Amino acid sequence: MGLPWYRVHTVVLNDPGRLLAVHIMHTALVSGWAGSMALYELAVFDPSDPVLDPMWRQGMFVIPFMTRLGITDSWGGWSISGGTVTNPGIWSYEGVAGAHIVFSGLCFLAAIWHWVYWDLAIFSDDRTGKPSLDLPKIFGIHLFLAGVACFGFGAFHVTGLYGPGIWVSDPYGLTGKVQAVNPAWGAEGFDPFVPGGIASHHIAAGTLGILAGLFHLSVRPPQRLYKGLRMGNIETVLSSSIAAVFFAAFVVAGTMWYGSATTPIELFGPTRYQWDQGYFQQEIYRRVSNGLAENLSLSEAWSKIPEKLAFYDYIGNNPAKGGLFRAGSMDNGDGIAVGWLGHPVFRDKEGRELFVRRMPTFFETFPVVLVDEEGIVRADVPFRRAESKYSVEQVGVTVEFYGGELNGVSYSDPATVKKYARRSQLGEIFELDRATLKSDGVFRSSPRGWFTFGHATFALLFFFGHIWHGARTLFRDVFAGIDPDLDAQVEFGTFQKVGDPTTRKQAV
């Protein structure tokens, strides 16, 4: 049977045993990929510096998902938070990866068994002797089981009742750890940044799924609805399943790109909007102001800023700075961060503090402009020196560092001042090692960007798949050229034109 590539899946039409087999094999492939990818990432992951070289800077993709579900320790003796562990047990990164690979192997064997033993009695209709599936009943079974799993995850795993809890952190991604979460049943549960909503929504959705599953198991669909929605056709199942998948993909693309409690910045990196809104910059200035109010010196106030917080306030960690075809991790772009140089404070010769205007997300280059606290331009690095009025040399700009490696160091040399002014456009200034990985200096996106791009793209493709298969199943009679209300038996050769009673052949 010579089928074109886009029609090969018709071989499992009207063949429930082999339809089951190919789905089990698909599960084997997905689980096997997840386990293998986890082992590869663990082989290349460097856990030595969770502050300046976290998993998202290294381009890890599956490790963050394991971590947010409660896995933090490795058989290699390290913990994701930077400590050491002696007995991580079976539920370590390697243990979970191994479990997926073992499960993949079992699914592989099950798929082969079901492919060979496809003609099982359970798939046969007693009345006709032909293969058939009771699709409404199967829908009820799956809905019930999915509801049980959903409820169990929310009520036991997330709450810590029987499980580790989930990754929870503060709004600035500094104190993250795995902990039990109490369900949030009030209005706050609808805030996408409240972890309690994850528990309560899984409990509620799971309960609804269990009840809906029992309903569909005990109540048969009305005949008109059954026929109208083509509930006896397996392509209806395909169409509605694709709809569920593309809807979920669109939702998670949104929660990943815009941020939520399910996508902590410690695991996936900051969002672009945190750079656009100066989110971390405001928090840093708030902490420094509080320090000054407590009679700390400027140097002491800046020295109390966590290096982790300063690192978030750097444009190289903005997932929107990567290019679509720039493969590789962030570390392969601007390099591995080694240390924070400190916060540069610029002043003109009149003693005014100047602030470098930061580069917007979608600019590759941006003029170096220094403004005072009222937003008035006081200095710049001019394009045409002959016409300049505000050059660093003319204005007499100096720079002094507070906190970090250059704490207390000041420069008045114009070339050095301009160098640090340019680097201040990109946020806080870090020493970056570009030699180790031969980093090319071109920004890359974080796993947050890759996940969003992948899921939004496939969601769009699956949306068209839903429309395609939905139309095929709803208008199957139209495409086949047969009127569903035709009373006469349609047999080959009865009519000159198939299904047209006006062309009935006369028996000779």
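Cβ atoms are placed via backbone N, Cα and C, with glycine included.
Note that the structure is predicted; figures quoted are calculated from it, not measured.
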Correct range for transmembrane segment (source Swiss-Prot, candidates 21-36, 37-52): 21-36
Top partner of the transmembrane segment (237-252) among 101-115, 140-156, 203-218, 457-472 - counted as Cβ pairs under 8 Å: 457-472
Long-range neighbours of the transmembrane segment (203-218), counting only residues six or more past its ends (CB under 8 A): 136-137, 139-155, 183
Distal contacts, the transmembrane segment (140-156) - CB-CB under 8 A, six or more residues away: 162-163, 183, 198-218
